[in-house]
Amino acid sequence: MANVAEQHLPVVQKPKRANVQIVNEATSLMPSQNKSADLSLSLEPTERRKQWLGLIIMGMSAMSFSCMAMLVRISAVYFSIVDIVLARSATQLVLSLASCAVLGINPLGKYGVRKWLFFRALVGSIGLILFFYSLTRLPMLEATSLFFLGPTFTAIVSYLVLNEPYTLFDGVCSVGCLFGIILVWKPKYALGHPVADPTAGVYNMDPSQLAEDEMARSFAILCAVAGAIMSAIAYISVRKVGKGTHLMVHSVYFAVISCVLCIGGVFVMPPNTLLQEDWSSYTLLGLMALFSFAGQCFLNQGVQMVPAGLGALMRICDIVFAYLSGVFVLHEYPDSLCVSGVCLIVGMTTTLSIHKWQVQKIRALELRKQRSRERV
C-alpha cells in the first residue's frame with residue numbers, strides 16, 4: 001500500500017545528452033553513447049585512459065579518411081567518379097554483410113524503421129557521390145573544408161523541418177561560414193588571374209579556357225556544398241531511426257543504395273579513357289575502399305569513448321590531415337585567401353557545434369531540476 005502514492009508521482013526520465021558531431025563523409029553513423037559531455041578529460045584514471053585511447057582512435061579515423069580522399073584524387077586519373085564510388089560501396093557492402101553474419105545481426109534492421117534507413121542511405125549516398133566528385137575537381141583542403149559545413153546546414157534544416165531553435169548566434173556562425181565559402185571559392189577568372197586545373201597541375205591562359213575552368217570549379221564547389229546539405233539531412237534522419245539500430249545495418253543500407261546509384265550511373269557517364277587501367281590502378285581503388293571502411297569503424301568506436309566536446313574538436317584533425325596530404329603528397333599549395341576561408345569555416349562550424357551542445361546541456365539540466373521540483 002505504501003507504493004500506491006508513489007505510482008501517481010511523475011516519472012523522471014533521464015535527459016538525453018546532446019551529441020556533437022561534424023556532419024560529413026567522416027561522420028559517425030551512430031549517435032554517441034558516451035555519458036561524459038565535457039570539453040576535458042575525466043579525472044578518474046581508468047576513464048581517463050579510455051578517453052585518451054578514444055582520442056587516438058579518432059586521430060586514426062581522421063588519418064584513414066585523409067588517405068581515402070587522397071586515393072580518390074589519384075584514382076580519378078584512371079576511373080570515372082561512379083567507378084570510384086562503386087568500388088568503395090561494394091567493398092563496404094561485403095565487409096558489412098560479413099560483420100552482420102559474425103555478430104548475428106539482421107542486415108535489414110527492424111521492420112518499423114526500414115523506410116528511414118532507406119531514406120538515410122539515399123540522401124547519404126547522394127552526398128557521398130557529390131563529395132567524391134568535388135574531391136576529383138578541387139584541391140583536397142578546399143573540398144574537405146566545404147564538406148565540413150554539415151553542422152551549419154544541420155542547424156538550418158532542423159529549424160525548417162523540426163522547428164528547433166535557430167538563434168542569432170547560429171545566424172552569425174552561418175554568415176561566417178558563407179564568407180568562408182567566398183574566400184575559398186574566390187572566382188579567379190573574375191579577378192583576372194589564371195585558373196589551375198587541380199587534376200592536371202597546369203595553368204591555362206586562354207580566356208575561353210579560363211572561363212570554362214572557372215565554371216567547372218564553381219560547379220565542383222556547389223557539389224561540395226550540396227553534399228554537405230545531403231549529409232546534414234542524412235544525420236537528421238538518423239534520429240527517426242533511433243539508437244536501437246546497429247551500425248552495420250546503417251552501413252549495409254548505405255552500401256546497397258550507393259551501389260544501385262553507381263550501377264545506374266555507369267550507363268550514363270562515359271568511361272575515363274585517359275590512361276589504360278592496370279592492376280596498380282585497381283589496387284588504388286581497393287586501398288581507397290579499405291581506408292574508407294576503416295575510418296568509419298574507427299570513428300564510430302572513438303565517439304563512444306571521448307567526451308562530446310572533445311569529439312567535436314578532434315574532427316579538426318580531418319582538415320589538418322587534408323592540408324598535410326595536399327601539400328606533401330599532391331603538392332597543392334593553398335594561398336592565403338584559401339587558408340583564411342578554411343579557418344573561418346572550421347572555426348565557425350566547430351563553434352556552432354559546441355554552442356549547440358552547451359545550450360542543450362543547459363536545457364537538459366533545467367528540465368531535470370523542473371521535474372525534480374514537480375516530484376517533490
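The backbone N, Cα and C atoms fix where each Cβ goes, glycine too.
Per TrEMBL, the feature transmembrane segment maps to 52-79, 85-105, 117-135, 141-161, 168-185, 215-235, 247-269, 281-300, 312-331, 337-354. Per TrEMBL, domain 'EamA' is recorded for 53-184, 219-347.
Comparison of 52-79, 117-135, 168-185, 215-235, 337-354 by number of C-beta pairs under 8 angstroms to the transmembrane segment (312-331) places 52-79 first. With respect to Cβ pairs under 8 Å, the transmembrane segment (85-105) is most closely packed against 281-300, considering the stretches 117-135, 168-185, 281-300.
The transmembrane segment (337-354) shares more Cβ pairs under 8 Å with 168-185 than with any other stretch in the list 52-79, 141-161, 168-185, 215-235. As a whole-number mean, the pLDDT of the domain 'EamA' (219-347) in this prediction is 83. Highest Cβ contact count with the transmembrane segment (52-79) among the listed stretches 141-161, 168-185, 281-300 falls to 281-300 (criterion: pairs under 8 Å).
With a cut-off of 8 Å between Cβ atoms, the residues of this chain six or more beyond the transmembrane segment (141-161) that come close are 21-25, 27, 69, 131, 134-135, 170, 173-174, 177, 180-181, 184, 220-221, 224-225, 227-229, 231-233, 235-236, 315, 318-319, 322-323, 326, 332, 334, 338, 341-342, 345-346, 348-349, 352-353, 356.
The transmembrane segment (168-185) shares more Cβ pairs under 8 Å with 215-235 than with any other stretch in the list 215-235, 247-269, 281-300.
The transmembrane segment (117-135) makes contact with the transmembrane segment (247-269), as judged by at least three Cβ pairs under 8 Å among residues 6 or more apart in sequence.
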